[in-house]
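Summarising the annotation, Swiss-Prot assigns disulfide bond to Cys65-Cys135, Cys108-Cys114, Cys130-Cys144. Taken from Swiss-Prot, the feature domain 'SCP' applies to 29-146. As annotated by Swiss-Prot, signal peptide applies to 1-21.
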Amino acid sequence: MKSSIFVACFITFIIFHSSQAQTPRENFLNAHNAARRRVGVGPMTWDDGLAAYAQNYANQRADDCGMIHSDGPYGENLAAAFPQLNAAGAVKMWDDEKQWYDYNSNTCAPGKVCGHYTQVVWRKSVRLGCARVRCNSGWVFITCNYDPPGNYIDNVYGDLEEQKPDFDSKLELPN
């Protein structure tokens, strides 16, 4: 009797925890939406077409894990790390660029990059698709695509409502 109660409890535990586990798409989406929520930007939705585009490109990078943009029609962030990188880690790397973003001048600090961060929180980018691949080298490559794309010069980050809701944008991005 005790063993059947134990088995029933164990099965219930497994079912409960497996139902609570997030899928990779939920991990990417939740990490992005948490970063956006912190600065007052609405949530994104997952787009299977963007995810397929991202997966196709990630598969192309599996041989070299090269941090080379796809030059596609979408906004895009790339990340790579060894030996592990997950959705939360990639989005954290991009979100951490916030420290170098100056709201008053609407620019990145000299010599720093913040374009990944601005793409994550770009208000008009409302659809997201991401993919992850383990490269032949053992590194992990992640790409996220955004639609509509963000980071347009003269309109970069200009509609974010954290400190300056109605300011003109003049963010200078590195070439």
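Any Cβ shown, glycine's included, is placed from N, Cα and C.
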Spacing of the two Cα atoms, Cys144 (disulfide bond) and Cys135 (disulfide bond), in whole angstrom, works out to 16
The most crowded of the disulfide-bonded residues Cys65, Cys108, Cys114, Cys130, Cys135, judged by neighbouring Cβ atoms within 10 Å of its own Cβ, is Cys130
Among Cys108, Cys114, Cys130, i.e. the disulfide-bonded residues, the one with its Cα nearest that of Cys65 (disulfide bond) is Cys130
